[in-house]
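Not my notes, these are from Swiss-Prot:
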TOPO_DOM  1-149  topological domain 'Cytoplasmic'
TRANSMEM  150-166  transmembrane segment
TRANSMEM  179-195  transmembrane segment
TRANSMEM  212-228  transmembrane segment
TRANSMEM  237-253  transmembrane segment
TRANSMEM  257-273  transmembrane segment
TRANSMEM  287-303  transmembrane segment
TOPO_DOM  304-671  topological domain 'Cytoplasmic'
BINDING   382, 383, 426  Mg(2+) 2 binding site
TRANSMEM  672-689  transmembrane segment
TRANSMEM  700-716  transmembrane segment
TRANSMEM  741-757  transmembrane segment
TRANSMEM  818-834  transmembrane segment
TRANSMEM  837-853  transmembrane segment
TRANSMEM  895-911  transmembrane segment
TOPO_DOM  912-1166  topological domain 'Cytoplasmic'
MOD_RES   917  phosphothreonine
């Protein structure tokens, strides 16, 4: 994954940090099942070995996700990857998987006759994707392979033209017209080969070249039929068979074009044979055999072309899925970055990322992510009158108002070079001067304060509620970073931060309250007046802090600001249209006067921006990326890097082992095709040759063997209808590459035996010997004219000599049958090219031994002699035995080795192409699988990371369905228990000395305390609790925030929080014992309704608001060290559950007057 760019791309196995293990366990990865592409079946039971089960697409989206990629696709806008025929669709069975690939759902309904014919018709039709753009990408995807295949085909055809020219010109005086035709064809093929090799060769040109080749082949076929001497319906039959075969396998054309071309070439030969041999008495027999031969060749072509094309399209779908997974992973990375950087500054996030990616040894303490920064200014701002505003708003309006207001503050902070630290209810604080130091940090904070007061004045004007801002600023040093293991939030700590907080508390509404330290950094650029903060805040009075209130900027500062605004406006105008506009997280569309808020930069034009973003189609993005990847990749380089050149085996043994375990789900269909070829061969043999009981027995035995093999292979798919032993046998064959290859070779061998078996039952007596006896001549002196004199003619089945064996007059059909048996091996796409080459040479060698040296050799010699007799009879001329003309053709038994070599070359080239494609597809699929697994792991990690920032139910809300960017999360909770737990004397413990690294060691101990609290809240018994945040040394948690944790009847979520509070007290005692400290905790508990929500859809921060939260905080601040103070409402619930409580009495609470409170002393006595 090193090639991915992203902030966090960790290996999941290395995420062994404490927070990761406690914040959600990784879901066990489900075993991935190889999903075969279900093609229309050749037989009803020949389904995929393991039919894919459709999985509903699960879409997830967070509000901070990339809008262009996760946008909801409108009707008709999404691109489905389902295959379809040009005329017929697969809509009834297609299922779109989450990765975007279309699969065919298993069809368990009974198949009717029309349904089977419908599926059979689909096999013969061209496949294409519904999207024309996707179809073009697919053609580009395999263009390099097709270009290479077409180039090799041109070379083969040049060789074939040379062979035909040799066969025609060697034995007799050639015909000039046919020689010229073959020469022109050779030249054209050479020219086309050069054209195909050019870099400028384009996809559209490939179709033109393919159809030009078909035209040339038709012309050669016509010329060969006219030039044949002597003429016969079977003369040169192997040539059109070869043309038909390469049309399906080596020409890059669609199925429909291949079927039409194959049938056209076949029909052309049949018409020529019928027209040129109309007077032959045996014409019907040979034409019938030719029809069967061509039908078988076309069937082999279809059985080869269909699965090859489907496999290629499936490979394209998987590769596109890989591209989509990669892009999705990149988007996930960006979303993760956006989410993390919304909570943590980049310098902190990068350090945490490095630690997450690196395995760490066990350490005594958790690592602390703290950095020290000097010369910074801290701004605290609080909304005065927020309680009145909240009381007049619904939950949605409150969250919306805070979201809009703080989003505006975030924009102002960015403009004024301030870093937002945290939002605490209605309090907002930021720092200028970190992570990068700035000399004008005090000016930035003052300008930020001025802008915030202006912004709140607009809220006051629109809502009619008297709200205002108190702003306090102090300059000094801070420690910034993250504490704890859960609910990370970036924060700052130091004495100067504490002082800045009190500056806000002691400030005045609508004014900016600063210290002398900040005033010194302002260099007199602002007019000030005494602030008298000590009169309003005890801490300021105790520390004798001199404070000031900003009156306004000096004249010099006003001039500088005016010049700066002018420069910024000029720069903005020059960059208009190049930079994206700021889009708020939500417009004030539901407030009283949205026009006023346009002055804040929030207007309806943001909707147009969102619409422009939504217009970006993620499918188009994937297709565009795929197009660039197709243009950039090099198939030759992939082969060179991963595959051995001749053997086509992987260079890495582990890849070869994985590939050897690859299962072809269409293996049963391959065996069924072999059975079909066998049946065609039987028809040819029965039509042309005499047959005996022995041959019928052999054919019946072969048929039964092949049929049983087909049925055994089908058992694996047909399920529980068969015995377990038979099912195990079927699985052992189909799911093992070695076993299925052995069965495939065995099937081809049976077909080959059926092609040559009849040769041994024919008469093997030489005709020359018989004629020599009758004419009292030596066999070498016998010519065709002598045979004509004694009425020996072609086509007689009766024995010509003594004996009972019948005569086989047309051995060319033995050659044709053997060629069909060899072509049947091309159907088994899973057999390696070397395996097919060896098998072809072995079978061809056996056949040639029989042909040249065995008894069947006389059959071919007799045929050549009788064919010459037939030629003499056709010429109607009379010759005597002395001046008999020589035969004008090469003997069939000498032509056969060359024919076999040509077919073997074509078979090997096709096998190489299929295996090379399959192996490269396997590489891509392996990458796709790895990327999908990594994506799943990263998604699980993202989910844990998300849960570490937002509560699980909130995260689930955003992940449940796709949402618009302006939708907010808000929830009114009727009965929530809230806890504030603070270390009362931590401020006394915290000192900034050189001995403790300016206070860092104090924060290290605080980090350990918070980490202990996080570990406790992660325990199963406290699953109803949710950590909200930490505020300095105060820990905030709540329970009952969602339906799964809210117990309306038993109120168990309330007792769980009480138990947790007591558990924290015990843990603090344990910490004091081991750290030799005397920390004192004060804990306040309250219950009641709250409003929960996420502030800032782009920079999310979960929080809860309401009177319940404020009172709970007061229970903490007015509490007693080492005691847990609760309200009357909580007392009533806990007392009913048997908890031990005591009445403290009446306590004065700020904003609430006097309240009766209680101390929680222990749990139920039982």
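Each residue, glycine too, has its Cβ placed from N, Cα and C.
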Could you tell me whether the transmembrane segment (179-195) and the transmembrane segment (237-253) have 3+ CB pairs under 8 A, leaving out pairs under 6 positions apart?
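Stretch pair does not touch.
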Give the one range among 150-166, 212-228, 287-303, 741-757, 837-853 whose Cβ atoms make the most pairs under 8 Å with those of the transmembrane segment (700-716).
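Highest pair count goes to 741-757.
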Do me a favour and check the Cα-Cα span between residue 426 (Mg(2+) 2 binding site) and the residue listed as 'phosphothreonine'; whole Å is fine.
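Cα-Cα distance, residue 426 (Mg(2+) 2 binding site) to the residue listed as 'phosphothreonine': 63 Å.
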Residues other than 382, 383, 426 within 8 Å, Cβ to Cβ centroid, of the Mg(2+) 2 site?
381, 384, 386, 425, 427, 428, 469, 470
Could you check if the transmembrane segment (287-303) is in contact with the transmembrane segment (818-834), meaning 3+ Cβ pairs under 8 Å among residue pairs at least 6 apart in sequence?
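In contact, yes.
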Using a 10 Å radius around its CB, how many other CB atoms surround the residue listed as 'phosphothreonine'?
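The answer is 19 other Cβ atoms.
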Given the transmembrane segment (818-834), which of the listed stretches 150-166, 212-228, 741-757, 895-911 has the most Cβ pairs that are under 8 Å apart from it?
741-757
Hey, which bits of the same chain come close to the transmembrane segment (895-911), Cβ under 8 Å, at least six residues off its ends?
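Counting only partners 6 or more residues beyond its ends, the transmembrane segment (895-911) has Cβ contacts under 8 Å with 149, 152-153, 156, 159-160, 163, 167, 238, 242, 245-246, 249-250, 304, 815, 818-819, 822-823, 825-826, 831-833, 836-837, 840-841, 844, 847-848, 851, 860.
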What parts of the chain pack near the transmembrane segment (741-757), using Cβ distances under 8 Å and only residues at least 6 beyond its ends?
667, 670-671, 674-675, 677-678, 681-682, 685, 695, 698-699, 702, 705-706, 709, 713, 733, 814, 817-818, 820-822, 824-825, 828, 830-832, 835, 839, 843, 847, 850, 856
In the same chain, who gets a Cβ under 8 Å from the transmembrane segment (672-689) while lying at least 6 residues past its ends?
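Answer is 42-43, 46, 285-286, 288-289, 292-293, 295-296, 299-300, 303, 695, 699, 702-703, 706-707, 710, 744, 747-748, 750-751, 754-755, 758, 762, 806, 808-810, 813, 816-817, 820-821, 823-824, 827-828.
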What is the separation, in Å, between the Cα atoms of residue 383 (Mg(2+) 2 binding site) and the residue listed as 'phosphothreonine'?
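Residue 383 (Mg(2+) 2 binding site) and the residue listed as 'phosphothreonine' have their Cα atoms 67 Å apart.
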Around residue 383 (Mg(2+) 2 binding site), how many other CB atoms lie within 10 A of its CB?
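Around residue 383 (Mg(2+) 2 binding site), other Cβ atoms within 10 Å: 22.
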For residue 382 (Mg(2+) 2 binding site), write down the residues of its own chain that are at least 6 apart in sequence and whose Cβ falls under 8 Å from its Cβ; none is a fine answer.
426, 427, 428, 469, 470, 504, 505
